[in-house]
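Enquirer: Please read through the structure below; I'll follow up with questions.
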Amino acid sequence: MKSFACTLIVCILCLISEALFSQNLPGRNERASTKAYQNASKYLQQKDYASAIPQLRETVRLNPSFIKAHQQLGDCLRLTGAYEEAGKSYRKVLELDPGYSSLTIFGLAVSDFYCGLYESALPGFRKYLETPSLSASSKALVEKHIKDCIFSIQAIKNPKAFVPVNLGPEINSPEQEYFPVVTAGNKRLVFTRRTANNEDLYESVRAPGSWSASVELDGRINTPDFNEGSQSISPDGNYLFYSGCNKPDGQGRCDIYISRRTPSGWSEPYNPGAPLNTGAWESQASVSSNGRRIYFVSDRKGGYGANDIWYADLQADGSWAAPLNAGPNINTPYNEHSPFIYPDNQTLYFSSDGWPGFGRQDLFVSKCDASGFWQKAENLGYPVNTAGEQSGLTISTDGITAYFASERPEGLGGMDIYSFVLAPEDRPRRVFVIERSLRDAATGEKAEGKITIEDYESGELLFEHDALSGPEMLAVLPAGKQYTLRILKEGYMPYAENISVPEMVPSESHSQSVELRKIKVQEQAVLKNIFFKTDQYTLLTASRTELNFLVRFLTDNPSVRIEIGGHTDSEGTEEWNLKLSENRAKEVYKYLLNKKIDPVRLSFKGYGRRLPIANNQTDEGRQQNRRTSFTIQP
C-alpha cells in the first residue's frame, strides 16, 4: 500500500512537471524565434541573403504566423535563385494575409516566371502593374515580364524539334562545363571547365563517332592563380581568343587575350591592350572566320545596357580599331552575352535576358542584311530555350549541328555541354571549307608559304595564311561565290587557282595538295585573272589583283627575269592574233614598269595562236588558250 502511494505521487509530479513545461514552451519558442530573426536581420543588412535563409527558416518554423519573416524568406530565396521554394513562402504570406503587400504579388510572379509557370505569373505581373506610385524603372521591368510571359505562353504552343544530346563523360563531369567552341569540320572542341573557384580551358579531339577524353589545353594558357575561359578559336584552330581575369597585365577586371598555336603548343598569350581592352570588363570573344573582326561583351560606357555586344576590326598594321557597339537590334537595356559569329560572317548567335524570352538567359539569332545592318534578334524558341539559363551556343561548319551549355536533370552535374540539330529556320548561310597542304614538287616534302584568298569579283582580301602557320591551310568561306586562291613562297613559282562555290555546296570540305615548283629557267606560269576587252588590249580594272600578285612575286625574288607572253585562240587571222597578243603582253609589261620593276628584268612577246594548251574546237578550250603567261629567263 505504501509502495502504491509512492508510485502515485511520482506519477502526479511527472504530470505537473510536464504541464509546467508545456506552459513554458510558447515563451521559449518566442525567444528562440526572436533570436533567429535578429540573426537574420544582421545578414539582411549586409545583403548576405544566403546566410539569412537558414535563420529565417528557423524563425518561421518556431513562429509560423510571423508573416514578415515569411515575406523576407521568400525574398532571400528569390534573390539566390531558389524560385520554387520562394514561391512557397510567398503563397504562405498570401494565405496568412491576402492583402499583406504588393511586393508579395510581385515576388510570387517573378518566382513563378523563373519556374516556367507563365500562365500563373502573368496575372500577378498585371496586378502588380496596378500598384499606385510605381517607379518608372519598376514599371518598365514589370512590363517586360508581361511581354516575356505572353511570348512564352505562345511559343510553348508551337514547339520546335529539339533533341539535346549530352556529350558524355569524355567532355562533361560533375563540375561545370560551358562555352563550347569547335574548329571547322568538328575536328576539335575547346570549352571552359570550372572547378571550385577556378576556370581553365580544356580540349577534345574528334575521333570517328566520338570525342576523345578531354584534357587541359597545352601550352601556356591555363594558370593556377587566375581564371581563363570564355574562349573563341579560329576555324583553322591556329588562334585562340580568351578571357583572363585579374591578371597583373590586365587593364580591367577581365581582358581579352590572344594566343597562337605552335608546334610546341599554344604560345605565350598577349594582351592586345587598348582600345580593345579597357578599365571595364571585356570577355566572351568570338572571332570571324578570317580573323579580321572580333565580337565580344563589355560593360564599358556608351552601351545600351549593363553588358553589351561590341565588335572591333583588325587594321593593316596589326592593331585593333576602336570597338563599335553592335546596335539596338542586338543589344537591350539589360544583358547580352556569349556572342558567336558564324563563319559566313552574316549570322550572329548570342544570349540575352533583355529580349522577350522564357527566363534568365535565352539564345537568339540575328542575321545581317544586304546593307550590312543586323536584323532584329529572334528567339530560338521552345524547348531550345527554357526558364533556366542557356548560353554559349556555337554552330559547326555544317550549319546544322549546334553545341551549347545547359543545366538539365539528366546531366552529369551543373552545366553540361550538349549538341542538337538546329531548326532549318535558324540555320546560317551555307559555308565552304577549303583545305590546302603545300609540298615541294621535286622532293615531296612539306613546304610553307603565304596563302591568300580573295573575292574573285571585287578583289577583296578575305583570308591570309602566313608561312609561320605551317604547311596546312584551312579557310571557311560563304557558299554561292567565286574566289581566287594564291600562294607565294620565296624561291618558288607563284601558284593561283579560281574556286567557284555553288550555293548548295555539300558540307564536306574541299581538300587538295598543292605542289610548288622551284624557280628555274624556262619554268612557265599562267596568270589566271588577266582580262582585256574582246579583240582589244586595254587592261580591265579586274586584272589589277593578279598583276599585283605578279609584282609581289618579282619583289620577293629580285634576281628573277621574266618574259611576258601573250596568247590567243585560233579565231581570226594569224597576223591579227600575233599583233593582238603582243600588244596585250606589252600592256602587262608597262604595268610592271609603273610598279618600279627594273626593265632589265622584263621582256614581252606575242605568240598568237602558235602555242595552244587546249583544244581550239571547243569554247572551253579556246578560253584556256586566250591567256597571258610568263616564263623565267636566264
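Placed from the backbone N, Cα and C atoms, the Cβ positions cover glycine too.
Here the structure is a predicted model, which means the values were calculated and not measured.
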Enquirer: From the ranges 327-348, 613-634, grab the one TrEMBL calls region 'Disordered'.
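Expert: From TrEMBL, the annotated region 'Disordered' range turns out to be 613-634.
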Enquirer: Tally of helix, strand and coil residues over the region 'Disordered' (613-634) according to DSSP?
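Expert: Final tally across the stretch: 7 helix, 7 strand, 8 coil.
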Enquirer: Just give the helix, strand and coil counts over the repeat 'TPR' (67-100), going by DSSP.
Expert: 27 helix, 0 strand, 7 coil
